[in-house]
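What TrEMBL annotates here:
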{"type": "DOMAIN", "residues": "125-305", "note": "domain 'Malic enzyme N-terminal'"}
{"type": "ACT_SITE", "residues": "Tyr148", "note": "active site, proton donor"}
{"type": "BINDING", "residues": "Arg201, Asn469, Asn514", "note": "(S)-malate binding site"}
{"type": "ACT_SITE", "residues": "Lys219", "note": "active site, proton acceptor"}
{"type": "BINDING", "residues": "Glu290, Asp291, Asp314", "note": "divalent metal cation binding site"}
{"type": "DOMAIN", "residues": "315-583", "note": "domain 'Malic enzyme NAD-binding'"}
Amino acid sequence: MGNYSRQMRLSSALMKSLRSRWGAVAAGNAGGARSFTTTEGHRPTIVHKRSLDILHDPWFNKGTAFSMTERDRLDLRGLLPPNVMSPEQQIERFMADLKRLELSARDGPSDPYNLAKWRILNRLHDRNETMYYKVLIDNIEEYAPIVYTPTVGLVCQKYSGLFRRPRGMYFSAADRGEMMSMVYNWPADQVDMIVVTDGSRILGLGDLGVQGIGIAIGKLDLYVAAAGINPQRVLPVMIDVGTNNEELLKDPLYLGLQEHRLDGDEYVAVIDEFMEAVFTRWPHVIVQFEDFQSKWAFKLLQRYRNEYRMFNDDVQGTAGVALAGLLGAVRAQGRPMIDFPKMKIVVAGAGSAGIGVLNAARKTMARMLGDTEVAFESARSQFWVVDANGLITEARENIDPEARPFARKVRETERQGLAEGAKLAEVVRQVKPDVLLGLSACGGLFSKEVLEALRGSTSTRPAIFPMSNPTKNAECNPEEAFSIVGDNIIFASGSPFNNVDLGNGHVGHCNQANNMFLFPGIGLGTLLSGSKIVSDGMLQAAAECLAAYMTEEEVLHGIIYPSISRIRDITKEVAAAVIEEAIEEDLAEGYREMDARELQKLNKDEIRTFVANNMWNPEYAKLVYKKD
């Protein structure tokens, strides 16, 4: 596809989506509704167990909701109280218990309430998965911060003490040469989604070793809740190659390998063996890499992305969410979208997430400018990158290769009154940026001095994005941002914050720039399209869809990301956009009964229906016993 058509596809597709998110039904499909595959979750489930084995299996257990017919069929009569309860009654009982038990579930007065909630929800997860996901979906705003960021960070830190029941798989350096056989220990014949981590950089908390499995479990909870991936077809994975965390190496209760991390070719060989093993058993699985240290995040992404269905959420998911926010900030400032390449952006943090955002934003700017080498170079000049050593310029020695393209030219910085290593406040003061974006994992980095410097921004509505997780690593909080910079700012953070009361009936909206708005849709769209890879175009389509999701009125009020309560709907929209792009790039190979040819015939509304019909819902399945 030529440069001009790529440029037009970017601008026209996004603007069309802004005019009408739902679009019009394509011509040529007036002959009636197209037939789709059976709605996900409504198929009868074949089980090879009965009696207590069913009650002890969270995949199939319904507890007191088993009907009398099922109790007879599955040898359960007499093993449960006689009163058959509806799912609604079960949830009512659980929620009442949860509210009552929150206090007693705390492990002493220093144990946070959110961790107590996690413990209770985890116990439900251990005994009845369907009910667990029903509770999570119906209360997603309240419980997403419990199963995911910020509470999941605390869970990972304490995981060795919290561990009660195995969940997921553990591959370690001690398993070299055995992984191909190990994957067959997992009971599911079909796995659609794997989230894998090596525990080396969990959120902004550093090396947590094997305890990082908590982040993979939390991410997959959101794949189920937001994207409707069947929970029996997800697999959290920890690759334990050791840890460099000295406290864990000395902790007698630590559950992982107590040896220093593998590095170099030995490390790569372990990851290679894992990837070959899982794709041999499950050729159509999608693997999301999560919280790998920057040293390996880019290298592994480039190593595997053109061979396997995989992506790195820290690099690509964070980039997409940030890009959607940047485009939203342009809209909120009342500027035309074509002005995005004119935005001045200061980025604090040059790790895998920060560089991922820079690359995505630069590519988008370049496309809008014509997708030429000149446009790509011109886009580079819109970014100022500050790391722990200050402003990155070409005068710096030993620049990280991934950050090198964004190093400022010495003459440019001299004209602006800046120099190599300039502090963040000085950079903000001289550049007067439209956007200040933080991915530094350094809590409080946007100090009073930095925020006061941003008051000099040339933008009518400067945007402040402290995106580091968990909450304690946020570069600033909303109260600081609104009180120091002004009421008219656009604010978005990685972790959730409450809106700010600005007085006189005005509200400072605290948007959550959370990856959960994108990664479930990217995974679901890739799965249903049948694409063998996750292309840059598919990721771009996801980001554009998120950017266009909010109405003009919402954006002008400073709301640039949706509420988490709308997560199922936004995920459906993102998945549909990813499928459309896969079809456009001729990557789609279809899913189940919907082959590539049939998929290409679908219009926009039919693609949405196809997505919705393949999203699992937490409803008890009919269980049919079949002897092995």
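Note that Cβ sites are derived from N, Cα and C of the backbone, with glycine treated the same way.
For the residue listed as 'active site, proton donor', the same-chain residues that are 6 or more apart in sequence and have a Cβ closer than 8 Å to its Cβ are Gly218, Lys219, Asp221, Leu222, Met516.
Nearest Cα neighbour of Asp291 (divalent metal cation binding site) among the listed binding-site residues (Arg201, Asn469, Asn514): Arg201. Of the recorded residues, Asn469 ((S)-malate binding site) and Asp314 (divalent metal cation binding site) place their C-alpha atoms 11 Å from one another. Cβ-based neighbour count (10 Å, all protein chains) for Glu290 (divalent metal cation binding site) stands at 28.
The sparsest Cβ neighbourhood within 10 Å, among the listed recorded positions (Arg201, Lys219), is found at Arg201. Other Cβ atoms within 10 Å of the Cβ of Asn514 ((S)-malate binding site), summed over all protein chains shown, number 26. The number of other Cβ atoms within 10 Å of the Cβ belonging to Asn469 ((S)-malate binding site), over all protein chains shown, comes to 25. Rounded to a whole number, the distance between the Cα atoms of Arg201 ((S)-malate binding site) and Asp314 (divalent metal cation binding site) is 10 Å.
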